[in-house]
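> This is the structure I want to talk about, given as structure tokens.
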Amino acid sequence: MQRLHARYPFLEAARESVATAAVDLAAVVERDQAVVDRARNRVLSALEDGTIGEPHHDSRTELLSYPVARVLVSVVGERVLVRRYARAEAETAHERFVADLEDTTELKSVESTAFDLTDLLTEFDLESAVQERGDEEYRIGVGTYLPLAADCWGDEWRLVNRSLADGEVPVDEDELHELLREAIRNRIEDGLPFDVPEAIADDLEGDVTEIRDVLADLDLTREIDTVVPDLFPPCMKALLDDVQKGEHLPHHSRFAITAFLASIGMSTDEIVDLYQVNAGFGEDMTRYQTDHIRGETSPTEYSPPSCATMQSYGDCVNKDDLCERIPHPMAYYEERIDDAEDDDLEDWREADDEAASAE
Ligand code: SF4
């Protein structure tokens, strides 16, 4: 059983087995260097290549490295690390359970590291929401589908592109597995970061510094300096659309879109170029406003308004599922960029560069 728990440490039973064994994490952190090393490796691999690294040969060490990795992520306390770490754990779990589901019959007979689809659905209380309908085809209740699909990448996940019938969404087997990966990711992300007692944090100081250094070197913030209008929040898409159609925007709306574009890394010249499509935008006025918002001709660098402010001005339009979970248009964009596959971002950048050199 310990092998199963080491392979899937996010399982409720794995958490209970650590609790039942009365494992004192403080003592583990202080004395069991192999566990701490493997925990640090889980987190660093998540940052560096989106995996959790090679498992330790000893199941106990492997299992305990999971709660210690969560402690490390919590002490560092960066949201981007929480997201990267949870995603890497979930990706690994996904690869493992897909392989295990293929091998289930073979492995179940001996001491099994595998479990079947029913076990997995039960783990996440999904057994009644997911019905098998024929060969590798499933239907999932829409109320269950929506939150799980919210962060899945691609238009095919949008409800409008699904033949919803009787409150159920059809999915094939691979898609069901992807939704399960999302359920795992949500569980892993849940509760992170948490408060860590000072004594434990002190014992992990060197490991935390190493993780912070790698985080700084990776310069994850560069991703927000990426202009991908496809990923803009709905409110900003609508405002940009209005600008480009030449409509007159009230001051608060013009401020919101300009501050947003400046915050995602567009220069004043680029914003002026973008607005020139709109004959109603005098270049001088746009330049003055943009420099002002950027803090170049004023003492303050202005941030785009929060969702609450956007709502109060009537600028919050076309809300989607992600809007329900974020407080700020920048958080929306950050999350979309973070979820975009690196290859997709590369394609967008190349398309941008080509468009720029064609001008
Ligand atoms: S909820 Fe926020 S991000 Fe979404 S449309 Fe409204 S203002 Fe924009």
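Yeah, the Cβs are placed from backbone N, Cα and C, and that goes for glycine too.
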> Quick test of your reading of TrEMBL: among 285-309, 335-359, where does it put region 'Disordered'?
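Of the candidate stretches, TrEMBL labels 335-359 as region 'Disordered'.
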> Cβ atoms within 10 Å, counted per site: which of Cys235, Cys316, Cys323 has the most, among these binding-site residues?
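When each Cβ's neighbours within 10 Å are tallied, Cys235 tops the list.
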> Which value does the mean pLDDT take for the domain 'DNA primase large subunit C-terminal' (226-327) in this predicted structure?
83
> Neighbours of the [4Fe-4S] cluster site Cys235, Cys307, Cys316, Cys323: Cβ within 8 Å of the Cβ centroid, same chain, sequence order.
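Not counting the recorded site residues, we get Pro233, Pro234, Met310, Gln311, Asp315, Val317, Lys319, Pro329, Tyr332.
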> Same chain only, sequence gap of 6 or more: which residues have a CB within under 8 Å of the CB of Cys307 ([4Fe-4S] cluster binding site)?
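In sequence order, Cys316, Cys323, Ile326, Pro327, His328, Pro329 meet the Cβ cut-off.
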